Amino acid sequence: MKSVGLAVFVACMLLHPISAEAQLNKQKPKDVQDVGIEEHLGDKIPLDLMFATSEGDSVTLASLMKGDKPVLLNPVYYECPMLCSMVIEAVYSGVSDLKWTPGDEYNIITFSIDPEEDSKLAASTKDSMITKLGRDNAREGWYFLTGNEKSIRTLTEAIGFKYKKVEEQDQFAHSAAIMFLSPDGTLTRYLYGIEFDEFNLRNALYEAADGEVGSVTERVLLYCYQYDPDSNSYVAVAWRIMQLGGFATALILGIFIGLLWLKEKNSKNDKNIKITNGSS
């Protein structure tokens, strides 16, 4: 009974960032004290850390940061009985609705916080997700990693992901969150919960890429939105909409004036031609 109660408490309470956790810290069971998220926006993660891919190859994080692609970072553990599977499913659901594909416009790095998990578990989870996604090219852009205690701790500390092992249950108490990295490994955004819709994922990736992902039309539309921490989502920003509206108005006015000028110029040329022909 204690196990069920703790699991439910973790699922409900650890969906919030560390600020909310601090206020409720005294109400938590001892097993989940000091668990939560401390945002490190603007910090770079250590890209020299070594992890193992689902194929069993040893790689550095730097080798997975390819070109100018932003990265969605997803800390989990593969044998998690509840919260992690919900987070991975939420990532899959949002990604499946997204027109952009891992490996093309962006990459995803899912990594285990349990040093005892191996590449076989990572491979099984990857196969399940990629098969459901139905995009084979995503295999080259969605990585499922495992690592040793040192690499895991260093990375989780760098991103402010505070977790704790509950020895009695052989489980980890942790929050539900994903992070976004710029192509150089800088933390640009945190999203919380067990639901990540296509709109918020697209905006977070656009932000992480510094506006360098998506079509021109998408970039213009996404420019009008900004992250709101209170709603854990992206909302329209009035001044940006007005700015774009002003630019569009100026552009249309400029084109209109230009057309009038050309029309007047052509009209004068026609008159000059008629006068010249009449004189001759």
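One-based numbering along the chain as shown.
Glycine residues also receive a Cβ, built from the backbone N, Cα and C atoms like all the rest.
Just so you know, TrEMBL annotations are computer predictions that nobody has curated.
The structure displayed is predicted, hence computed values, not measured ones.
What TrEMBL says about this one:
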SIGNAL    1-22  signal peptide
BINDING   Cys80, Cys84, His174  Cu cation binding site
DISULFID  Cys80-Cys84  disulfide bond
TRANSMEM  241-262  transmembrane segment
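Cβ neighbours within 10 Å of Cys84 (Cu cation binding site), excluding its own Cβ and spanning all shown chains: 24. Residue density at His174 (Cu cation binding site): 26 other Cβ atoms are found within 10 A of its Cβ, drawing on all protein chains shown.
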